Amino acid sequence: MSVTQQQVLDSLARIKSPRGVALTNANVLSAISASGGKVFFSINVDAAEARAWESIRAEAEAAVRAIPGVTTVMVALTAERKPGSAPPPPPPTPSRGAPGVQPVHAHKPPQGGQSPMSRQSEIPGVAAVIAVASGKGGVGKSTTALNLALGLRDLGLKVGLLDADIYGPSVPRLTGLRDKPELNAERKMIPLRRFGLAIMSIGFLVEEETAMIWRGPMVMSAVTQMLRDVEWGRLDVLVVDMPPGTGDAQLTLAQNVPLKGAVIVSTPQDLSLIDARRGLAMFKKVNVPVLGIVENMSYFQCPHCGTKSDIFGHGGARHEAEKLGVPFLGEIPLHMAIRATSDAGNPVVDSEPDGAHAAIYRAIAGHVRDQLKGVIAAA
Ligand code: ADP
């Protein structure tokens, strides 16, 4: 049974804001995504009033969950600080009682010079969270994130993958997973499992197009929920596929996710390298160590004769990494097999484990693992 936006609005109309106005008239609701039994929306309030809204968020979520046919509800409370207003109160302890209960994150710029660890608590059981980022979309970031996760798995590590590319979650396509995560007894979401990885994607909860319209604070809210309200279990590494770009949403994410390091994916062209440089600067700003740069689509390898051609130039990322003093992690060719296996939900490291491409991803994974050794061993 599918649920309509109107049904959701009807149930929200019965809930009152802290000032006694119906939620539907309080000018705080985002667009409502209701597709199949999945409902997603956010309540956007001023940070100064966020505390008062938390119980209303929970009430709204419970009301929507009670609509017949609703299977998943995610209601994010997002708070924006008005210029010149007082700083928001510290986030309330996230309730474990409902999957959508969410701490509030004010959308404020990061402060330089502070370790991200001092601002973000770690995720219990997860030794290292690392980001895979790119300065722009379409450079193969998600493909690299998944194959890197598989390379780490092949090195004997316990690995998870969080698709935080909220503007275009591609992990459902890359893994062939379409199921909805179940809740455990504590109402935490249980990540899906495939290829020996624990996998979570916003794409399991909402339709791909819905996520495109989200604003920065909502992105942060949803990603925090996927980090903390998911039963990740014990992991050596959790690979986070970041949204592409270096805008406010990405910066806030880089600041708020307890990252041990970041991998930047770039193609060799100048334009993409400029974007990669912005990515480096962004992680530097929030004191997240850059584990290195991967050059994707580094050269074209003909699937018939194996000849290499440097369509996008070649070696740009390696030079850039040297210039910037960050490790160069490796070159991945532009190859039909990588595209075809990715798009068919059978990533190349898993489907062609003995092939040359899998070996390249494993070598990159080896460089990453070596840099995280201390952290993983300590855990
Ligand atoms: P992003 O996450 O940066 O937007 P994706 O990982 O979704 O990029 O990749 C974009 C497209 O490029 C996909 O169709 C993917 O299969 C393809 N692709 C990525 N890397 C390679 C590669 N090395 N060789 C061939 N195709 C690739």
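Glycine is treated like the rest: Cβ placed from N, Cα and C.
Just so you know, TrEMBL annotations never went through curation; they're auto-generated.
These come from TrEMBL:
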| type | residues | note |
| --- | --- | --- |
| DOMAIN | 6-75 | domain 'MIP18 family-like' |
| REGION | 81-120 | region 'Disordered' |
| COMPBIAS | 85-94 | compositional bias 'Pro residues' |
| BINDING | G135, K136, G137, G138, V139, G140, K141, S142 | ATP binding site |
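Long-range neighbours of G137 (ATP binding site) (same chain, six or more residues apart, CB within less than 8 Å of its CB): Y167, G168, P244, G245.
In this structure, V139, G140, K141 are the binding-site residues from K136, V139, G140, K141 whose C-beta falls under 6 Å of some atom of ligand 1. Across the domain 'MIP18 family-like' (6-75), DSSP classifies residues as 29 helix, 19 strand, 22 coil.
Remark: of the binding-site residues K136, K141, the most isolated position is K136 (fewest other Cβ atoms within 10 Å of its Cβ). Every protein chain considered, the tally of other Cβ atoms within 10 Å of the Cβ of S142 (ATP binding site) stands at 27.
Note on V139 (ATP binding site): other Cβ atoms within 10 Å of its Cβ, all shown chains, come to 23. Residues G135, K136, G137, G138, V139, G140, K141, S142 make up the record's ATP site, and a Cβ search at 8 Å around their centroid adds S134, P244, V265 from the same chain. Annotation for G138 (ATP binding site): spatial neighbours P244, criterion Cβ-Cβ under 8 Å with sequence separation of six or more. In the predicted structure, the domain 'MIP18 family-like' (6-75) carries a mean pLDDT of 87. Looking only at the binding-site residues G135, G140, the densest Cβ neighbourhood within 10 Å occurs at G135.
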